[in-house]
Each structure stands twice: as structure tokens, then as C-alpha cells.
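What follows is a single structure, written as C-alpha cells, with notes after it.
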């Protein structure tokens, strides 16, 4: 099922380590880099017999100064294999994923040269998000926490988050 809208937590960074099937993520080329107009920067977590895997289409982000030159650029051949290198900072508390449960979720997406990943706009049941107060707004504990999208009594909800990011002393 689809999760309700995620309330914004001011002055907090949000990361995820695992994504349930159906999740769609999008890459953004870094400032100064562009994609070919026809390149699709989206990926989707799909459930397969051997477990959940990200489905990629090859693309690259070009340096705009070299966009029209014939110099070789880094070609990134994307495969379905997972690379365990999230670009975002590691959350304070790791979820405890058993081997069988981890198989049903996609891990962090691949790191792509000159691109970063956007958190999804739509979340699905089973998604766990890690919140951490940004530096300077982490004066009062707790300064990090998790929210999980789950089904409870036939209703899909986000678990409460017991943290507030403020720079009050």
C-alpha cells in the first residue's frame, strides 16, 4: 500500500538504507553537468524470484563544458548488482534486517559519477526513514530517530518521531 504524505521535519536530513518494491527514485545531475535529453534518470525497485533488485537504464551526466567535444567521458554501465555505497550520511541507528527480510527490499542505489539521488515523493508500506538533525540544530536530544510506514488496524500510518531539531540552547 501507499503511505500517507510524510510530514516535513524542519532542520533534519532524511535518509533510507532499504526501499520496498515499487519504490521509484530519480538521479539529478550535479550543477554544471547535464544528461542527454533522451536519458531517463529514474530507477525502480522490482521484486523478482531471487529478491528485490533495482532496475536501471544506462545514463551518464556530462560536464556541460565538454558536452559537444569528442573527448572520452566516463561510461557507466549500470547492472542490476547493488553497490553498497550510499551517498548520504549513514544513519545513527541501523535497522535490524534479517537475511530473508533484506531480500525483499532494495539496498542503497548505485553511486553515479556527477549525480545525486533524490528521496522518493511516494513511499510504500515497509519503508523506514532515518532522521538526523542538521549540524547546529542538534542541541537538544534526541537528535535522530526513525519513522516506519506500516499498516495498523487496516490503516496505513507513519510511526511517530520523537525528536525536534532546534538550535535553542
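Glycine is no exception: its Cβ is also placed from the backbone N, Cα and C atoms.
Nobody curates TrEMBL annotations by hand; they come from automatic prediction.
Per TrEMBL, the listed range annotated as region 'Disordered' is 77-110 (candidates: 43-76, 77-110). The disulfide-bonded residues in question are 106, 149, and the one with the fewest Cβ neighbours inside 10 Å is 149. Secondary structure by DSSP for the domain 'Sushi' (104-167): 0 helix, 27 strand, 37 coil.
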